[in-house]
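J.: Questions regarding the structure given below will be posed in turn.
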Amino acid sequence: MSLAVVILAAGKGSRMNSNKPKVLQTLTGKTLIRHVLSRVEPLNPDNIIVVTGHLKEMVEADLADKKVTFVEQKEQLGTGHAVLQALPYIKEDKVLILYGDVPLISTDVLANLIKSASDDLAVLTAIVDNPTGLGRIIRDKFGAVSHIVEEKDATDGQRQIKEINTGMYCVAKSHLDDWLPNLGNTNAQGEYYLTDIVAMARGDNISITVTHPVEEFEIQGVNDRIQLAQLEREWQKHIAEVIMSKGVSVADPSRIDVRGKLEVGKDCWLDINVIIKGHVKLGNNVVIGANCILKNCTIEDNVKIKANSMVDGSIIREGAIVGPFARVRPECDVKEGAVIGNFVEAKKTILGRGSKASHLTYLGDSEIGANCNIGAGVITCNYDGVNKHKTTIGDYAFIGSDSQLIAPVNIGSGATIGAGSTIVSDVPADNLAISRARQRHIDTWQRPVKK
C-alpha cells in the first residue's frame, strides 16, 4: 500500500515568546520539524505533506532541501481542520498523521503504527504519570477504545485516566474522506478536533488498533522553552546511556551534548561538557577531555584530545595528541603519534607521523613531514591579502621558535630554521637557515634619566 505522511506545523507557539514558529526551535542542534522528517524518511513514504500556517515562509525555507509538499492552513481552526487542508493533495492508500513539535518519535514505533493500521485506524497512545493537558483515551466496558476526550472537555473522573492520546494516527485515506468533512466544533475550544475521528470510526464499526511508544520522551511535545530544555536533557541522557552500553565511560551523563551522529569504539572516556556536532567517529581507547567540541571528524584509536580543544572537519590518526586549548580546523590530517599542543591552531594542514607542534603556533595550508619539530610561536604566513599559499616542510625538519614561514615556501628534509627567522625563500635539505639582525653589545650606552 502507498503511504502519505502529514506533518502538522501550522501553530504559532506563542508560549515560546519567539520570532520564529515553534517547529523551528532547535533540539540537539536541529529544528523540531527536521527531527520529525529524519524519523519519517526511513519509512520511504510516497508523499510527505507539511501543513504550515504561522510564518510559513520560514518553515518552507528551513525545509527547502527536502522533498515535501507544503499546504497552508490559513486559519488556525484545529487539528482536524489542518488535516482537511491536506486531503486534496493525498492520493495514497494510507495516511500517517504526525506533529511537527513532537520531535523524538522513533522510526520503529512509526513503522509499527503503520503496520497495525491495516485498512482501518491505528492510534498511538501512552500511559503516563502526569496526563495534565492531554487528551484521554476513553474505553468501553470491554476495554475497546470508544473515543478521545480533550482535557478541557473532560469530566473530573475522565481526568483521572492515565492513558493519553499522542495525536499520532495511521488511517486509510478513504476513511478520512468520509470523516473529516463531517467534523464538528462543539467543544470548549471551538475547534475541529482530529481526535473525533476515533468516535467516528467506532460509529462506523471500523477496527481501532492501539500501539504504544517504547520511551515516554518519544511522544513528548514542546510548547515552551522549559519543555524544550527538559526534552533536550531527556534525549541527551538517552544518548549517554546508549554509548555507555557500547563500552564508553561518560564522566557525567547529564553533561554531554550530542547534536548529531556519534559512532563509538570501546573503552573510550568522555569527560564533562563534551559537545558533538555533525557526524563524529571515535575509535577504541579514545580520551576526550573536558569542554571539548568535536564536529564532523574522525578520531582513531588511542588518541587523546585534551581539555578545551576543538576538532572540526578533520581526522586525528592513531595515538596522536591534541590540546589542551588546541583548535584543529577543517581539512587537517594529524598523522599517527603527532602532537598539536596547547594554543596551536591548524587549518588545512597535514602534520606528519611523530611530528610535534607543541605550543603557540599557527599552521595553515601546510604539509609537514614526519618527525618534525615545530617550535613555539611559529607562524606559517599563508595569506597575502587575496590568496592562500602553501608551506611544505620535509621529514625531520626543525623549525626554531618565533619563526615566520612566508608562503609559498618549501623547507627541505632535515633542514633547521634558526629561532626568530623570517623565511621568504626555499631552504634546501639539511641546511641551516637563519634570518635575523646581528646582535650588538653597546657598552657605552646609558639609560635615560628623568628630568
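Each residue, glycine too, has its Cβ placed from N, Cα and C.
According to Swiss-Prot:
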- 1-225: region 'Pyrophosphorylase' (REGION)
- 8-11, Lys22, Gln73, 78-79, 99-101, Gly135, Glu150, Asn165, Asn223, Arg329, Lys347, Tyr362, Asn373: UDP-N-acetyl-alpha-D-glucosamine binding site (BINDING)
- Asp101, Asn223: Mg(2+) binding site (BINDING)
- 247-451: region 'N-acetyltransferase' (REGION)
- His359: active site, proton acceptor (ACT_SITE)
- Ala376, Asn382, Tyr383, Ser401, Ala419, Arg436: acetyl-CoA binding site (BINDING)
J.: Binding-site residues Asp101, Asn223, Ala376, Ala419, Arg436: which have a Cα within 10 Å of Leu8 (UDP-N-acetyl-alpha-D-glucosamine binding site)?
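T.: Those close enough are Asp101.
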J.: Select the most exposed residue of Leu8, Ala376, Ala419, where exposure means the fewest other Cβ atoms within 10 Å, treating these as the binding-site residues.
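T.: Counting other Cβ atoms within 10 Å of each of the binding-site residues Leu8, Ala376, Ala419 gives the minimum at Ala419.
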J.: Does DSSP put Leu8 (UDP-N-acetyl-alpha-D-glucosamine binding site) in a helix, in a strand, or in coil?
T.: strand
J.: If you measure from the Cα of Gly11 (UDP-N-acetyl-alpha-D-glucosamine binding site), which of the binding-site residues Asn223, Ala376, Asn382, Arg436 is the nearest?
T.: Asn223
J.: When you rank Asp101, Glu150, Asn223, His359 by Cα distance to Arg436 (acetyl-CoA binding site), which of the recorded positions ends up on top as the closest?
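T.: Nearest in space to Arg436 (acetyl-CoA binding site), counting only the recorded positions, is His359.
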J.: When you put Ala376 (acetyl-CoA binding site) at the centre and draw a 10 Å sphere around its Cα, which of the recorded positions Asp101, Glu150, Asn223, Arg329, His359 have their Cα inside it?
T.: His359
J.: For the binding-site residues listed here, Gly11, Gly78, Gly100, which shows the highest count of neighbouring CB atoms within 10 A?
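T.: Ranked by Cβ atoms within 10 Å, first place goes to Gly100.
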J.: Mind looking up the mean pLDDT for the region 'N-acetyltransferase' (247-451) in the predicted model?
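T.: A mean pLDDT of 98 is what the predicted model shows over the region 'N-acetyltransferase' (247-451).
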